[in-house]
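Features as listed in Swiss-Prot:
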- 12-133: domain 'EamA 1' (DOMAIN)
- 150-274: domain 'EamA 2' (DOMAIN)
- 5-25: transmembrane segment (TRANSMEM)
- 31-51: transmembrane segment (TRANSMEM)
- 63-83: transmembrane segment (TRANSMEM)
- 89-109: transmembrane segment (TRANSMEM)
- 119-139: transmembrane segment (TRANSMEM)
- 142-162: transmembrane segment (TRANSMEM)
- 168-188: transmembrane segment (TRANSMEM)
- 200-220: transmembrane segment (TRANSMEM)
- 231-251: transmembrane segment (TRANSMEM)
- 253-273: transmembrane segment (TRANSMEM)
Amino acid sequence: MKKWIVLALTVTFWGLAFTAIKYSVRFLSPIAIASLRFAIANTLFAVIIILGKRIKWKDLPKVFALGIFGVSVYHVFLNLGEVYISSGVASVVISLAPIFVLILSAIFLRERITYSKVVGIIIAFLGVVVISEPSYANIYGIALVMVSTVAAAIYTTFGKSLLSKYNPITLTSNAMVLGSIPLYPFLPDSIRSLGGDLNLIGSIVFLGIFSTFFGYLGWYYFLEKEEASRASVFLLAIPVVSLLAGNILLAEPLTLRTVAGSGLVLLGIYIVVRKR
């Protein structure tokens, strides 16, 4: 029972992250949101680094490079994308990450792609076409978030070799701290621009503590209790949370195009990640 509570909280934290970002980009720059988010999260991740297993010096450059993609590139482009598209659509596009992991693994790690997975990939990208309304802002926003999706896939694909040496929490904590180094120079101006808006401050704190720190801890706790291939299916609930939260909290419209396109994306991803 405990693992399902943890999963429900994790999915909720990650789903609401897109809503918090969409609210925050009304007042802060995309880089400011990312720098503030990780200033908070890294304070907690630093404790894990201090208490946990040390990353070997020879592995630090790879962890740093992975972190650049998984933190700086991923979050800045996601925040940029949400300037132009709704939080719900952003979460649907991000959910394509397993498909890019599959493609990158096939290219660089020589992992096999089955016929059913090819069908899933086609269905998922058809879904993206459906939700891509014919406007410059919408297409541009989706393209920006797609960069984040590819960055997340790079982080996951090329981080596989390090998971044989380090546990996921240790690796993630170091990648978060090292990967956000390019964001640190923007922190002083970001703090000044934050002001005294309690709703905005609450959104940033939520992103740093709950969506980032507790989100990852919860996910890895669940992975210890559940098979990874089955666990990944539950991540399909994240866009559902984001779409509903965006509609309820930010009055984002749930159009037929959005619902139909999202449904196709999630169906395609399910076909890709399900265990045969």
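A Cβ is built for glycine as well, from the same backbone N, Cα and C atoms used for every other residue.
When each of 31-51, 89-109, 142-162, 253-273 is scored by its Cβ pairs under 8 Å to the transmembrane segment (200-220), the top-ranked stretch turns out to be 31-51. Two recorded stretches are said to be in contact when at least 3 C-beta pairs lie under 8 angstroms, sequence spacing 6 or more; the transmembrane segment (142-162) and the transmembrane segment (253-273) fall short of this definition. Under DSSP, the residues of the domain 'EamA 2' (150-274) split into helix, strand and coil as follows: 107 helix, 0 strand, 18 coil. For the transmembrane segment (119-139), same-chain residues at least 6 beyond its ends with a Cβ under 8 Å from one of its own Cβ atoms are 84-85, 89, 92-93, 96, 99, 102-103, 257-258, 260-272.
Looking at 168-188, 231-251, 253-273, the range that has the most CB pairs within less than 8 A of the transmembrane segment (89-109) turns out to be 253-273. When each of 5-25, 63-83, 168-188, 231-251, 253-273 is scored by its Cβ pairs under 8 Å to the transmembrane segment (31-51), the top-ranked stretch turns out to be 168-188. Counting Cβ pairs closer than 8 Å and at least 6 residues apart in sequence, the transmembrane segment (5-25) and the transmembrane segment (231-251) reach three or more and so form a contact. The DSSP breakdown of the domain 'EamA 1' (12-133), given as helix, strand and coil counts, is 97 helix, 0 strand, 25 coil.
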